[in-house]
Amino acid sequence: MDQFVIQGGTSLAGEVTISGAKNAALPILFAALLADGKSTFTNVPRLRDIVTTEALLKTLGASVNWQGDTLVIDGATVDKTLAPYDLVKQMRASVLTLGPLVARFGEAQVSLPGGCAIGARPVDIHIQGLERMGAQINVENGYINAKVNGRLKGAEIFMEMVSVGATENLLMAATLADGKTVLENAACEPEITDLANCLIAMGAKITGAGTNRIEIEGVERLAGCEHRILPDRIETGTFLVAAAMAGGEVLCKMTDFHSLEPVIEKLRATNALLEVHDNSIYLDMRGRELKAVNIKTAPHPGFPTDMQAQFTALNVVANGSATITETIFENRFMHVPELQRMGANIRLEGNTAICGDTKTLSGAQVMATDLRASASLILTGIVAQGETIVDRIYHVDRGYERIEDKLSALGANIKRRSS
């Protein structure tokens, strides 16, 4: 099993090219199941979750071919509707096959999902929405079994809580439904808008994506399309935080500041100098005092939960004390005990982490527990004194493309090795 070995105490400076967004790519690749032709997706990141998605699409019968950072998927060859446990257990996003399969083929058998262990994240909202559209669903033996006679029917669906995954699943399903579907209390994340733009390119009729009310007028068929995956706002934020923690500078290229405004606002509050342009963001923390900032996660356009762990790490090395409150997931502070092993002054009170002044951070052997937690441990290892070893880095490979190469290019002393 691979691990990262980090020699701490280095500064960071340079440029980094941001990859395509994992959280946009996954639903968009599954959207290819809706089309009866070839779809070409560019700016696709080479990640563990993308490899899992590729394997799942092939299992369903799709033709999948890589050409550089381009993925060509032919949905015309799909001839199976069973998403098996051995693949779905690796990634929660696999449940996004449910909506497209039942919408196009009238049936689906999808294993209950796996992925990061950061909360229950039940699929009830997905199931309830599809039932409102006429699907008959039962869950038994670890599988969601869905059937519909004929086409799904358009419906008005109010989601009891904001759910990115449920919004994506129901949005995809509604594109082939008979009639109009309205999704109320929908998620507003940029990745939802990117998915909608892709579906529109396939021939879907969608308005309101990016707001909490999305309207979809169903069509009888969708064709293949060409679509470029939007830049990864979380990867961008991670590298900006890394430079701020290390007292350095970084230019993030091929990114979009519009999707990252809550993070940029908080970075400015840390006393970082930031310059934003149409497709790049520059941060400079050289010679400046890093200040702790209070964070409260919220659905978009609030502060993203996927940046919570990185800002926890930032507050550990910043001057002053601050609180980090997590409102999205109930179990997303598993990085805190690992940071404490490195000397971090943090205590937990319910869903809030209280970060105080930390005198010294020392390298230690720590364990990644989920994707973003692993990023926080890597960033802390870069600024800690001595050697840090991060185990179970398969988590980071799920969502960051060549993170060690990109950090090394900025000056970090980080190497991958087999333990």
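Backbone N, Cα and C atoms are what each Cβ position is placed from, and that goes for glycine too.
Features reported for this protein in Swiss-Prot:
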type: BINDING; residues: Lys22, Asn23; note: phosphoenolpyruvate binding site
type: BINDING; residues: Arg92, Asp306, Ile328; note: UDP-N-acetyl-alpha-D-glucosamine binding site
type: ACT_SITE; residues: Cys116; note: active site, proton donor
type: MOD_RES; residues: Cys116; note: 2-(S-cysteinyl)pyruvic acid O-phosphothioketal
Across all the protein chains here, work out how many other Cβ atoms are within 10 Å of the Cβ of Arg92 (UDP-N-acetyl-alpha-D-glucosamine binding site).
19
Can you tell me how far the Cα of Ile328 (UDP-N-acetyl-alpha-D-glucosamine binding site) sits from the Cα of Lys22 (phosphoenolpyruvate binding site), in Å?
19
What is the maximum Cα to Cα distance, in Å and rounded to a whole number, among the residues Arg92, Asp306, Ile328 annotated as binding UDP-N-acetyl-alpha-D-glucosamine?
16
List of residues, in chain order, with Cβ under 8 A from that of Asp306 (UDP-N-acetyl-alpha-D-glucosamine binding site) and at least 6 apart:
Asn23, Ile234, Arg372
Euclidean distance between Cα atoms of Lys22 (phosphoenolpyruvate binding site) and Arg92 (UDP-N-acetyl-alpha-D-glucosamine binding site), Å:
13
List the same-chain residues at least 6 positions away in sequence whose Cβ sits under 8 Å from the Cβ of Lys22 (phosphoenolpyruvate binding site), in sequence order, or say none.
Pro45, Leu47, Asp49, Ile50, Asp232, Arg398, Gly399
Check the DSSP secondary structure of Ile328 (UDP-N-acetyl-alpha-D-glucosamine binding site), expressed as helix, strand or coil.
coil
